[in-house]
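J.: Dropping a structure here in structure tokens format, bear with me for questions.
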Amino acid sequence: MNAVVERGKHVKAAMDNGRMMQSAACRASAKSAQASYGSQAGQGDLPTEVWKKVKNHPCYSEDAHHHYARMHVAVAPACNIQCNYCNRKYDCANESRPGVVSEKLTPEQAVRKVLAVATTIPQMTVLGIAGPGDPLANPAKTFKTFELVAEAAPDIKLCLSTNGLALPDHIDTIARLKIDHVTITINMVDPEIGAKIYPWIFFNHKRYTGIDAARILTDRQLQGLEMLSERGILCKVNSVMIPNINDDHLIEVNKAVKSRGAFLHNIMPLISAPEHGTVFGLKGQRGPTAQELKALQDACGGELKMMRHCRQCRADAVGLLGEDRRAEFTTDQVMKMDVQYDLEMRKAYQERVEHERAAKVAAAQNERAEMSGEMSPITLLVAVATKGSGLINEHFGHAKEFQVYELSTSGAKFVGHRRVDVYCQSGYGEEDRLSAIMRGIHDCHAVFISKIGGCPKSNLIKAGIEPVDQYAYEFIEKSAIAWFRSYLDKVKRGEIQHVQRSDAAIRQGSLISAG
Amino acid sequence: MPFKIISSQCTSCSACEPLCPNVAISEKGGSFVIEAAKCTECVGHFDEPQCAAACPVDNTCVVDTSLPRYQGASLKRDPHERHAKSCC
């Protein structure tokens, strides 16, 4: 274990320098991981050719999202439908919400930004266009951007996210430009339900409303999905879970999209704070609780692979999921940067990331092997503070989110994340925020952090959540399984009694950054 | 009557610009404007004015009542209505 602790510390130091270094311990760990390196670890039930395409895509592979970054360029401001959960006018600087951007770019500005980010963040592997409107309602700008990027940075994967209304008209262009992945937001397959979500669409030069609008939209979405599947273009489906409107219906949607070839389904909670000014927000339509969301995702899980690590990013997000570095890449700054696109440097960096990943997978496998033979009906949730690389490497007070893992005798499974307001403000903790954080992880038995202050520590213990800091800078899954084994031991010995925990709240307001 | 865009409400999303059959819409100072002399309310092209139909912010592309009526276009918009009126 010491070797891993040592290696973890090295990784942290290297990450802080913006570079990854290789230490003797690191090489040793990587070597021990050779058995699984290049194997199907993390692949699950995905076919090999699909896994190859997605294994380094942070939005598609839960494991990749610890290691690889993505960026969105906001070149597509116009939209062709209106959704009751969307308002693109409001922009809070630290908000993660689709449709929100601080500045719009021309395709030429976008390419420069992509090259600047790819040079500064070599683990950036994916460029997405996701609005702030609909990429396919802005086909000229969207495809021009993709063309320019493909020419200047051929190793970057291209993807786009659309509402699907214009999708069937653009399939040939999508195929010609070798766009790797498409995401379609499908919230219903029943026009009556659709009429409650979409006030109008603009199609064939006409505005349609009500059930007519929803019928056209669902027909076009499903037709587009089928056309993508026929051409072998990978397609993920996003759905927004809106309690009492489409929550039960999403099981139906899940079946419909699976049968038409979608390979991943991402059910996201409705974001509807009144201050966002959306129709749902103003009407008081609530979003789901953490347990409601998990129950629906679990109910759909048997049908189609579910995505649970979505951060509902802004349309101009940059960096790892859950971390936003877009402030470093405003147009002014990008224009000043000396951009030298170095494909070899990027490849070398990504190879080191792959070694890191393999070591992580191997460590978790070893820990799981230790637990084999243990039988217990107990499953529980734990929260983890992390800055990426699959390590427990964030202070409690600095965490902008907690990643949630479900632990059982079969191992540690990532089930989602909880956004929180940063507790520590210039060295002092804020009481209100602490109670909000505790509401956000109230269903967890423990929280793993690299460090925690005395005050939040005692408050967490009082609330029945164990603060665990002895695995600082170690791998998340391996540590979580090790902790779970000692938990089961204590239960067996009668030292502690296992109790179920109650539900948690999903944070709805805009995010407030650390001062 | 020609249409205008209320700039304080315009989110500068550009949805209207490519839809205008008369190429009357362009960006100026962070918001979009309609050149009144070119606007025909889409008469002869579409059933409804495209800028207003596509605009995501209600009541932002509106009739500019301060300008004189665009006679040629309005006469063509609904010949039956005009005929009915002249009969009465």
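Don't overthink the numbers, they just go from 1 along the chain as shown.
Positions of Cβ are set from backbone N, Cα and C atoms, glycine also.
A TrEMBL annotation is a machine prediction, not a hand-curated record.
According to TrEMBL, the domain '4Fe-4S ferredoxin-type' annotation covers B:1-30.
Explain the structural surroundings of these features, please.
T.: Under DSSP, the residues of the domain '4Fe-4S ferredoxin-type' (B:1-30) split into helix, strand and coil as follows: 3 helix, 7 strand, 20 coil.
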J.: Report, as numbers and ranges, every residue of the chain located at least six residues beyond the domain '4Fe-4S ferredoxin-type' (B:1-30) whose Cβ falls under 8 Å of a Cβ in that stretch; write 'none' if there are none.
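T.: Residues packing against the domain '4Fe-4S ferredoxin-type' (B:1-30) from afar: 36-42, 45-46, 49-52, 54-57, 59-65, 67-70, 74.
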J.: Can you give me the average pLDDT across the domain '4Fe-4S ferredoxin-type' (B:1-30), rounded to a whole number?
T.: 89
